[in-house]
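S.K.: One structure, pasted below without further comment.
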Amino acid sequence: QFKRRAKYKREPVSLTLALLLGGLTMGGIAAGVGTGTTALVATQQFQQLQAAMHDDLKKVEKSITNLEKSLTSLSEVVLQNRRGLDLLFLKEGGLCAALKEECCFYADHTGLVRDSMAKLRERLSQRQKLFESQQGWFEGLFNKSPWFTTLISTIMGPLIILLLILLFGPCILNRLVQFIKDRISVVQALVLTQQYHQLKSIDPEKVESRE
């Protein structure tokens, strides 16, 4: 009778392990989907941010370069007008003498701006080449076809997890079942030993006197 009870107890244990393994499988697939999607979205957002910063720096460089050209053109116009006014007031000793004011002199610092913009363009070019060299084939494929790479990265993780479970799941399940069987056998032996000691401790004379 005890062996039958032990046999009935093993079936729910195996069923529980199967359900547990199935739950771990589904949980692993869900976790793989979530992890792959999150990593892909984070990488895409980082690349978009980097590209946006690169474009903004290019626009700033172009704007400052245009301002430098405009300032250079304006200074040429001002100097040309100054020379013309000096010729008109040549008899009075020039424009400053006619106005009886100190003469203003033009200090050209556009060369520093021009050099800074040239260095900025060079750094932007180097950064763009470095970014393209570090970009892998998967990222290049993502830039060409985002939906396809999203599908691949989403499915790849769960497929790998499912393949690992199919390869190692039966072995692990058999080990767990064997371990539980061994534990049940030990418990069964302990129970039988305890019952044997209880029967052995009973005095036969007391049993006969009761009868």
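In case you wondered, yes, glycine gets a Cβ from its N, Cα and C as well.
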S.K.: According to Swiss-Prot, which listed range is motif 'YXXL motif': 88-91, 128-131, 152-155, 196-199?
M.R.: 196-199
S.K.: Of the ranges 15-23, 96-104, which one does Swiss-Prot list as motif 'CX6CC'?
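M.R.: Checking Swiss-Prot against the ranges 15-23, 96-104, the motif 'CX6CC' one is 96-104.
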S.K.: Near the coiled coil (100-136), which same-chain residues lie under 8 Å Cβ to Cβ, leaving out any that are not at least 6 residues past its ends?
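M.R.: Distal contacts: 50, 54, 57-58, 61, 64-65, 68, 71-72, 75, 78-79, 94.
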